[in-house]
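The following features are taken from TrEMBL:
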type	residues	note
ACT_SITE	A:GLU288	active site, 5-glutamyl coenzyme A thioester intermediate
BINDING	A:ASN378, A:GLY382, A:LYS402	CoA binding site
DOMAIN	A:10-215	domain 'Acetyl-CoA hydrolase/transferase N-terminal'
DOMAIN	A:321-463	domain 'Acetyl-CoA hydrolase/transferase C-terminal'
Number of protein chains: 2
Amino acid sequence: MLRDRIRHRPLMDKLVTADEAAAMIEDGMVIGMSGFTRAGEAKAVPLALAERARKHPLKITLMTGASLGNDLDKTLVDAHVVARRMPFQSDPALRKAINAGEVMFIDQHLSETVEQLRTGQIAPVDIAIIEAVAITEHGGIVPTTSVGNSASFAILAKKVIIELNLSQPTTLEGLHDIYIPSKRPARMPIPVVTPESRVGLPYIPIPPEKIAAIVVSEKHDSSATIQPPDNDTRAIAGHLIELLLEEVRQGRMGHDLLPLQAGIGTIANAVLHGFIDTPFHDLKMYSEVLQDSTFELIDAGKMSFASASSITLSAEMYQKVLPKLAEYKHHLVLRPQEISNHPEVIRRLGLICINTALEFDIYGNVNSTHVGGTQMMNGIGGSGDFARNAYLSIFVTKSIAKNGAISSVVPMVSHVDHTEHDVDIVVTEQGLADLRGLAPRERARLIIDRCVHPNYREALDDYYQRAVSRGGHTPHILEEALSWHQALREKGSMRG
Amino acid sequence: MLRDRIRHRPLMDKLVTADEAAAMIEDGMVIGMSGFTRAGEAKAVPLALAERARKHPLKITLMTGASLGNDLDKTLVDAHVVARRMPFQSDPALRKAINAGEVMFIDQHLSETVEQLRTGQIAPVDIAIIEAVAITEHGGIVPTTSVGNSASFAILAKKVIIELNLSQPTTLEGLHDIYIPSKRPARMPIPVVTPESRVGLPYIPIPPEKIAAIVVSEKHDSSATIQPPDNDTRAIAGHLIELLLEEVRQGRMGHDLLPLQAGIGTIANAVLHGFIDTPFHDLKMYSEVLQDSTFELIDAGKMSFASASSITLSAEMYQKVLPKLAEYKHHLVLRPQEISNHPEVIRRLGLICINTALEFDIYGNVNSTHVGGTQMMNGIGGSGDFARNAYLSIFVTKSIAKNGAISSVVPMVSHVDHTEHDVDIVVTEQGLADLRGLAPRERARLIIDRCVHPNYREALDDYYQRAVSRGGHTPHILEEALSWHQALREKGSMRG
């Protein structure tokens with residue numbers, strides 16, 4: 001019943017079609033839309049907007065939490081609607097437009113976008129479009145499978161359009177914890193002190209009169225296409241679990257470890273999956289997205305609680321989790337990405353952070369975003385929020401890509417997202433390098449010996465030896481440092 | 001009177017000579033020593049240690065707060081005492097040994113060293129050597145002109161050697177605020193909510209029986225050799241003040257601005273000095289080191305409070321400030337560098353952070369540490385702690401160096417300490433580029449137009465145009481990206 005979902009009665013008058021809602025959007029506007037890692041994005045209004053733009057061209061700045069599902073970024077880009085986009089994306093069509101210079105993409109730490117909005121340092125949000133599972137008696141918005149930046153978008157926007165998604169289960173209500181940091185300079189500590197801490201409201205509090213339109217939708221979230229573990233990801237998980245067992249043996253933590261964070265994607269998911277067959281127990285997550293592995297660990301009795309900003313699952317896992325959400329809810333909380341990724345909370349809790357590198361170099365600098373130093377993949381996302389303040393900052397990648405044409409371990413990364421100061425551990429299927437407390441020359445020795453693929457080991461060692469003969473705290477041969485990437489560009493392989 | 005300075009009577013028995021104290025240090029030990037930006041370092045024991053090592057060689061790991069004065073790093077390196085050094089230094093002799101690979105230097109964010117120590121992730125401190133102005137009735141250590149890492153070194157070390165410096169005024173007592181974050185995972189919020197917040201003790205609390213020796217010293221801190229403002233630094237200050245006036249006009253802050261942080265060195269000092277002739281008032285600092293400009297601003301009635309981890313002044317300013325310390329003390333607090341530089345507090349307070357770049361590139365990536373990508377200067381220091389979580393992250397540099405042989409604005413930095421995600425504003429004497437909310441191509445346009453020296457503008461623009469023709473989110477020509485640094489290395493000038 002719609003009345004159970006729109007519990008503030010006067011808002012029933014705001015029900016409109018997606019086309020009518022999209023007509024509120026004007027050329028040049030800044031739109032803040034829900035959606036984080038393909039979960040909980042507004043789905044009907046952006047499609048209507050694209051449709052409209054095909055007849056009557058217009059351009060907007062589109063802000064979201066992170067990536068969108070349902071090919072929305074593609075549809076909007078194909079309709080030439082997106083002039084500017086922030087703070088993250090993972091769509092091939094949008095990526096192409098970004099790399100062609102057609103869309104201005106602002107690649108940001110996911111915790112920072114709303115700080116800049118709140119202080120007026122970037123253009124204000126004209127309209128927020130938020131997917132909701134319900135609107136409370138007092139007009140509070142109950143988000144769906146992600147919180148992302150939705151709360152601040154709704155609070156800061158001049159108008160709010162709600163997409164009420166009837167396909168999302170009402171059991172989502174109560175899952176969210178909406179806490180917004182107070183304005184500076186009078187800001188108080190963020191009171192999250194454990195992953196379980198509930199410090200806010202289960203809905204986004206806005207004056208109901210700001211809600212300009214409500215559109216009913218029934219579209220589902222896109223399911224994640226996670227690859228199953230393979231030998232390489234199993235090997236990476238194995239190295240990492242061995243490291244954590246040693247941390248326990250050294251008395252640095254118990255078998256419940258410290259709260260875990262894992263970036264989105266196949267490798268991180270496979271690593272967490274590997275925790276099922278370990279002596280670890282009572283694990284907790286404080287992460288930005290919950291993938292299949294979180295629920296596998298909960299089901300296996302290994303994980304007791306998980307905090308994040310979104311839930312993104314495979315089709316099978318959605319079918320399993322959504323009907324039982326009322327049970328899982330006791331183990332879960334979804335927060336604004338500003339809080340899930342907040343440096344203050346990350347540093348306080350002391351997280352074990354596992355993120356994926358595109359490539360890393362012999363000194364442990366990490367490139368997470370740019371293929372060949374120039375072509376944007378997705379964006380830095382939350383990796384910087386987590387890596388900088390982690391108890392253990394771990395980056396994982398397979399040692400080679402494209403059938404060996406690419407080495408993920410290179411003399412110098414072609415783009416830096418995480419400097420050596422922020423990287424404690426690097427892991428490939430070949431092995432793990434524990435870089436804590438080491439100087440650059442020591443880091444290089446370990447990375448070359450442990451992490452690089454045998455096909456590239458000799459060449460990398462040769463580069464390093466010749467670089468050392470030139471001296472320096474961080475030895476390099478500048479005219480060769482990026483030659484592997486040049487060879488890839490010119491000849492299709494780093495082997496030259 | 002010594003009895004006024006050693007108020008825990010049983011400790012009078014621990015008085016020894018510097019030679020006797022130095023004899024406690026054994027080969028292979030990890031020594032944690034006071035000292036931050038050439039302020040408050042232990043002075044007598046390290047000299048005795050160097051003397052001893054000339055006859056009986058030994059090697060140690062030396063940790064400090066940051067850089068040391070009194071040529072201590074040089075003396076220790078000349079005596080071949082230092083095997084490993086962290087987390088910062090600024091000594092030419094040590095720098096040479098680091099770049100030759102003779103000393104392993106671990107270049108760390110200044111807030112992080114004691115986190116790693118506390119969790120046992122790096123080798124534990126055997127002996128802490130702490131300069132003190134007094135020891136309290138219960139054995140508490142009252143530091144001198146810096147706190148740095150002294151508190152955690154003393155708390156975590158097996159033994160503590162005190163250097164009681166009789167030349168330091170007893171009015172220093174009450175200046176310090178020693179707060180140590182609790183152990184994770186049960187850590188509570190750090191309760192600092194304004195620069196003035198006092199949340200700890202005015203001394204370092206340790207059991208007095210841990211104090212193994214007390215050495216009396218009368219050596220002074222080295223004074224800072226700050227260059228006076230010149231036309232270039234005045235121009236940089238001018239651009240920056242114009243930016244801040246605009247922030248006020250936009251209603252983003254009042255004329256009291258937000259708390260200021262300024263890195264050590266001539267340019268940052270000159271910029272702060274420039275604030276004297278502005279409409280700003282009731283300014284506050286939340287920084288890591290207080291230089292001459294802080295006291296000039298206090299004297300001018302422009303600054304009401306300053307928090308830091310050390311005080312480092314010119315000889316003239318020391319003579320002025322030390323006798324009047326009791327008066328200045330109401331406007332000052334010195335904290336552990338973990339707190340002065342803590343991401344949690346920095347983000348909460350919303351700081352305006354001004355740090356010096358060695359070079360930056362057309363996309364706003366900053367190199368703070370490595371000349372030509374390989375030769376370490378000093379270290380990243382606190383710049384990363386501040387830049388990442390600042391309200392405004394500003395980097396300043398003169399547009400050229402070495403009589404124009406070096407352009408500080410380059411196609412690609414040869415080493416990355418701060419990625420474009422963490423850099424809001426770059427300023428040279430040529431002008432200021434406000435990069436907030438801009439995509440890389442927009443950043444490049446602004447930086448080339450505003451910041452680069454006219455002698456290099458055409459070449460940089462030419463590089464960028466040709467890079468853009470190759471496409472990409474962050475266009476580059478990999479085989480040319482570091483060619484300016486190559487030319488400098490081979491021909492002594494970036495002009496080739």
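Each residue, glycine too, has its Cβ placed from N, Cα and C.
Location within the structure of each feature annotated in TrEMBL.
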{"residue": "A:GLU288", "record": "active site, 5-glutamyl coenzyme A thioester intermediate", "DSSP (3 states)": "coil"}
{"residue": "A:ASN378", "record": "CoA binding site", "DSSP (3 states)": "coil"}
{"residue": "A:LYS402", "record": "CoA binding site", "DSSP (3 states)": "helix"}
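Cβ neighbours within 10 Å of A:ASN378 (CoA binding site), excluding its own Cβ and spanning all shown chains: 19.
The helix, strand and coil residue counts that DSSP assigns across the domain 'Acetyl-CoA hydrolase/transferase C-terminal' (A:321-463) are 56 helix, 38 strand, 49 coil. The C-beta environment of the residue listed as 'active site, 5-glutamyl coenzyme A thioester intermediate', restricted to residues of the same chain at least 6 apart in sequence and closer than 8 Å, consists of A:PHE36, A:THR37, A:ALA66, A:LEU110, A:GLN261, A:GLY263, A:ILE264, A:ALA308, A:SER309, A:SER310, A:GLN337, A:SER340, A:ASN341, A:GLY381, A:GLY382, A:PHE386.
In this structure, A:LYS402 is the one among the binding-site residues A:GLY382, A:LYS402 with the smallest number of other Cβ atoms inside 10 Å of its Cβ.
Spread of the CoA binding residues is 26 Å (greatest Cα-Cα distance among A:ASN378, A:GLY382, A:LYS402).
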